[in-house]
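Feature list (source: Swiss-Prot):
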- Cys36, Cys39, Cys55, Cys58: Zn(2+) binding site (BINDING)
- 36-58: zinc finger (ZN_FING)
Amino acid sequence: MSKKAPAQKEKKLPRAATWYELDLEKGVFRFKNKLCPKCGSVMAFHKEPVPRWHCGKCGYTQFQR
């Protein structure tokens, strides 16, 4: 019996429009997410179990009030 090769998935790259906000009046791009104060990487927002911002690179966490 012949084995089938696994189907290759297309990689979907994130669009820059999802990362930035554009202010047309001022002509300025602004980053939507927070940057880590320790290492400068982009922080991710998590809703469960407690709302918080977390840096995956250095482990820094800011809890929401």
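Glycine too: its Cβ is placed from the backbone N, Cα and C atoms.
Residue counts for the zinc finger (36-58) under DSSP, helix first, then strand, then coil, are 0 helix, 7 strand, 16 coil. Along the zinc finger (36-58), the predicted structure has mean pLDDT 94.
Non-local contacts of Cys36 (Zn(2+) binding site) by the CB criterion (under 8 A, 6+ apart in sequence, same chain) comprise Val42, Met43, Cys55, Lys57, Cys58, Tyr60. Cβ environment of Cys39 (Zn(2+) binding site): Cys55, Lys57, Cys58, Tyr60 lie under 8 Å away, each six or more residues apart in the same chain.
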